[in-house]
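A quick write-up on the structure given underneath.
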């Protein structure tokens, strides 16, 4: 399969589409945790109860269509190959926990903006993932899916506590709202160490690209709410919206300051990273993330011309181990992965430049 066709098939909407403020906000995510009323939580339920949840979703929702979202398809974790599960995780469509659940499943929309995880930490986890800064659109879609499911499922709900969940931190609205942000300006100007504690004071948490316990590779940070009880869904989304909007403003100011005060140094950093990506024959994940962040910053500041700004979103995912092995058609040793990663990046950059040259020639 050619890289062009592989990318077309592999990319989710949030990776290839542009959204509001997408130079800084890569994606907006809403996740709702829900449970069946008369079935024990996943930590305590029987195999029969777990199977019945999957079966109910297959009967009522798989193959069905929801307006503005499209048709859903059920993927059972027990039927998916380890590599397929890893790719779904790398695309942020399922969690690492779900890949290990013997009775896990995922109901996925056609454009992959909506994924409904089954038998993870909770019976149901509705996720809506949109490109750019679109928390309001994401919560609207999540509520639409939630109402659709509730037509067939009686949720565990208490008048005082709200939606009941396996983890006490999710009780209440069951809502986790998050934005994935590219913040190289704030990192390079050494402001993130000051900003993160301030964000934590507001009841929000800052994590890496793959959530809890992950490192902020490539200057990509995930900011989400911590509290779900005692606040309405609207308040949670509004609070995160407000903090994200301030971060966007601060990041833009930091980038402008860098460009004005350290232009040569910044250009040198950007073009060195571009040179590495364009010419390397082996490259590890960590160096890839650093170089992609530099190049994306260069694109956004107009230092590098002729490259799509979505290249960071694409290559941060396509160069993960699961995708590399899927593209190569089998398992790879670490050094083989590093070589395959370098080849994929070089070919992707070449495709981009060739497409832009053709556009210029046709004008």
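Cβ atoms are placed via backbone N, Cα and C, with glycine included.
Residues or ranges marked as domain 'Phosphagen kinase C-terminal' in Swiss-Prot (evidence: sequence analysis): 24-254. Residues or ranges marked as ATP binding site by Swiss-Prot: 27-31, 92, 125, 176-180, 207-212.
Sequence-distant neighbours of residue 30 (ATP binding site) (same chain, 6+ residues apart, CB-CB distance under 8 A): 126, 127, 128, 135, 138, 139, 141, 142, 175, 176, 177, 237.
Put plainly, the binding-site residues 27, 178 were compared by Cβ crowding within 10 Å, and the winner is 27. Neighbour counts were taken as the number of other C-beta atoms within 10 angstroms of each residue's C-beta; across the binding-site residues 125, 207, the minimum falls on 207.
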